[in-house]
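As given in TrEMBL:
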type     : residues : note
ACT_SITE : SER71    : active site
ACT_SITE : LYS121   : active site
DOMAIN   : 50-197   : domain 'Peptidase S26'
Amino acid sequence: MAVGGLLRSLVSPAGGVATWLPCHELFASCHHWLPTLPRLRPPASDGFKLLLVLLLFSAALAEVRYIASSSMAPTLRPGDRAVAEKVTYFFRRPSIGDIVFFKVPAAVQNYGVNKDVVFIKRVLATPGDFIEVRQGQLIVNGVVQKEHYTASHALYTMEAMRLPEGHVFVMGDNRNNSCDSRAWGPLPIDNIVGRYMTSFTRFSFQ
């Protein structure tokens, strides 16, 4: 598979290929929590330190990614900004239907893609599940899945496979234009760096 094909599913950070952008907007209003009474207002230097701590805290909780490809259309389109929160998976495993951000697995790195490049896909099977595709229909554990979020009818077939422990199976919603687990196999859960929360364009939230 050509590197160009792999890069079609790349989610590029707004500031560069391997740069995460902290979600400053989420905590932009936090300075209003400071007391308003003059005698209780902290010195300017302390206020700056507090703001710095809040910004660092926001970066630890969530990050914003720029969507560069159509592999997750129609859910996410090129040019969208997607917010990834990084707290949920400290308390539970990824679930079917979750949209996740992850560092590319070793199989993709072997094509020359940097290990810090991040993809975004939807989880469709979890450890121990059997997954297959027949006549364009996704089947998990023998049950045909109703997928209202896909771009078009899938034009492929995939033999049944069982997900190993510690791995999930991910695919883009634009099934006919996505480089995903069908090409490079199950994704190690340890590669996941965040869960999709919401997205926004330059003018509105979705």
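From the backbone N, Cα and C atoms, a Cβ is placed for every residue, glycine too.
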Checklist line | Cα-to-Cα gap, SER71 (active site) vs LYS121 (active site), nearest whole Å | finding: 8
Checklist line | Mean predicted confidence [pLDDT] for the domain 'Peptidase S26' (50-197) | finding: 90
